[in-house]
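Enquirer: Next up is a structure, given as C-alpha cells.
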Amino acid sequence: MSIEHMEQMETLLPEWLETSRLRTGQGEVASYIPELAKAARDTLGVFVADSQGKTIAAGDYGIPFTMQSISKVFTLILALMDHGEEAVFYNVGKEPTGDDFNSMIKLELVEPGIPFNPLINAGAITVSSLIAGDSPEDKSQRILQFFRKLAGNDGLDYNMDVYHSELETGDLNRSLAYFLKQNGVLKDPVEDVLSVYFKHCSIEVNCADLSRMALVLAFDGVDPCNGEKLIPRRYVQIAKTFMVTCGMYNASGEFAIDVGIPAKSGVSGGILALVPGQYGIGVVGPSLNSKGNSTAGVHLLERLSKEFSWSLF
Ligand code: GLN
C-alpha cells in the first residue's frame, strides 16, 4: 500500500465524509429494535487501519454502536474453527437469497429447511447454535473472547440494553428459530440459541474496533500488527466470499459493482469493510436505506473505492 495514498486519504477524508454525511437525510434509523432508534440520524464516522499500525479517522468514529449483523461473519468463522467446513455447511447453505435479511420466504426452497446462507438471520441463528460450549453462557463467552482478540480490545462487551430490547421484541427471529427447530436444524432449545444470537448482535464496538477486526481478514487471518495467526486462511476466504455475495443483504450485487470490496453491514449502521492485503475499515452511519445499509456509509465507501481503485473486479 502506498504512503502517498495514506497521505492523500488523511488530507481528504474529512471533506469526503462531510459530503457523504449529507446522505444521512435520505434514510432512517432502524426502529424495529426500539433501543437502536435512539441513535442520531446524522452520525457518520470512519476509521481506516493499515498493517504498519497507521490509522486515519474522520467524523464520529469514536461513538459506540452494536455490531448487529456484522457479528455474523465472525460467529461463522468461530463455528468453522469449532467444527470444520463439512459440519457447518451441512446445516447452512452457501447461496445468496436476494431477499431481506429476516425473510422467511427462502427457508424452504432449493435446500429444504436449511437456511440459504450464514449471513441471513435464519442462517446466523443456526450458526449460533453450532458454537461449541456447555451452555448458552459458555458459548456467548467464547464468542466475546474471540471478538476481543480480533479487535485487540479486552474491553469489548455487550450492550445489555440493546440485548434486552431485541430479546423482548425479536418475535420474527423467534419464529424463524422455531421453524428451524421444527425442521431439525436447531437441536438446542430455541430460547437458548436466541440468547446466544441476540448477545453477539449486541456486542458494542466503535469504528476503530471494526477496522482492527477487518484488518485480520485483510491479512488472511493474521493480525499484521503482531504477526499472531488468529484464523485459518481457508475460513477467512469463506468469510470474505460470503461478504461479497451476501454481506450487504439484497444490495450485495449493487455494492459489488459500485464499491467492489468485501463488506458486512448491520442495522445499527455499522459497516466492516476491507481491502485485501491493505486496509481494515470501520464505518458507522445509523441512517439506513430501504435495503438496511447505511446510506452515508455506502456513499463514503464508494467514494474511497473509486478514488483509490479498490474494486477487486
Ligand atoms: N440483531 C438483528 C436482527 O436479528 C441483526 C439484523 C441486522 O443487522 N441485519 O434482526
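Yeah, the Cβs are placed from backbone N, Cα and C, and that goes for glycine too.
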Enquirer: Out of V185, V216, V236, V267, which does TrEMBL tie to the same substrate site as S69, N121, E166, N173, Y197, Y249?
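Expert: The one candidate that TrEMBL places in that substrate site: V267.
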Enquirer: How many neighbouring Cβ atoms, not counting its own, are there within 10 Å of the Cβ of N173 (substrate binding site)?
Expert: 22
Enquirer: Out of S69, N121, E166, Y197, Y249, give me whichever of these binding-site residues has the highest number of other Cβ atoms within 10 Å.
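Expert: Ranked by Cβ atoms within 10 Å, first place goes to Y197.
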Enquirer: Does anything in the same chain, at least 6 positions from V267 (substrate binding site), have a Cβ under 8 Å from its Cβ, and if so what?
Expert: A30, Y32, I33, L36, Q68, S69, L288, G292
Enquirer: Listed binding-site residues: S69, Y197, Y249, V267. Which have a CB under 6 angstroms from an atom of ligand 1?
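Expert: The binding-site residues passing the 6 Å Cβ test are S69, V267.
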Enquirer: For V267 (substrate binding site), which DSSP three-state class applies?
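Expert: The three-state answer is coil.
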